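S.K.: Below is the structure I would like to discuss, written out as structure tokens.
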Amino acid sequence: MILSDKDIFNYVTSKRVLIEPFNSKFVGPCSYDVTLGSEFIKYNEDVYDVKKTLNHSKFKIENSVMVCPLNHHLDETIIKNYKEKYNVDCVVSGGLLGTTNEYVELPNDVCAQYQGRSSFGRVFLQTHQTAGWIDSGFKGKITLEIVAYDKPVILYKNQRVGQLIFSKTLSPADIGYSDRKCSKYAGQTSVMASLIKKDFETNEEE
């Protein structure tokens, strides 16, 4: 059962679902809009060996970041020109990890799904690849996997980037996501790189 706007207000007001910060203007008919945070991760790898720790750089923006397609040529001169012309803090190509401003806590009988905004789809930018599912009992910020597929796209801190759709489960989970010892991303409060290498250290699922 998907929660409606009325349900979302009721769940937040009763503190069954935590969304911090919460903005009533971001409540849709059956969703809640979330906004882009200021922290990002860019991988520094030619090959992703998922058995190893992936080398990456973390950075913050004051205002905006330009995300370019992977095959978009960038050098120091082009990056400098882009920054000056478009007044952006950073210019990157390829995939970029980001995070929401919103910290979310779900009870054991509510799960959620993240979807990117259709307006971004119309400029061929995705803000998640496969990690749109949020298990019941999750606590943390939502990781964004950002890729531009056509032209460079400028994203701005605090702008709406996607929406959460909440669903009520038939029965509560015995053990919520954040209470499972093997949960890799429980309680994340900033952008986190992939911890997939831990799959080879345990037989349990994330």
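Just so you know, glycine gets a Cβ as well, placed from its N, Cα and C.
On a predicted model such as this, the values are computed, not experimentally measured, just so you know.
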S.K.: In Swiss-Prot, the dCTP site includes ARG117, SER118, SER119, PHE120, GLY121, ARG122, ASP135, THR143, LEU144, GLU145, GLN163, LYS184, GLN188. Which of TYR156, TYR177 does it also list there?
M.R.: TYR177
S.K.: Among all protein chains shown, how many Cβ atoms are found within 10 Å of the Cβ of ARG117 (dCTP binding site), not counting that one?
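M.R.: The answer is 16 other Cβ atoms.
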S.K.: Around GLN163 (dCTP binding site), which residues of its chain at least 6 apart sit with Cβ under 8 Å of its Cβ?
M.R.: GLY28, SER31, TYR32, ASP33, VAL34, TYR114, GLN115, ARG117
S.K.: Sequence gap of 6 or more, C-beta under 8 Å: which same-chain residues meet both conditions with respect to ASP135 (dCTP binding site)?
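M.R.: Set apart from ASP135 (dCTP binding site) by at least 6 residues yet with Cβ under 8 Å, we have LEU106, CYS111, ALA173, GLY176, TYR177.
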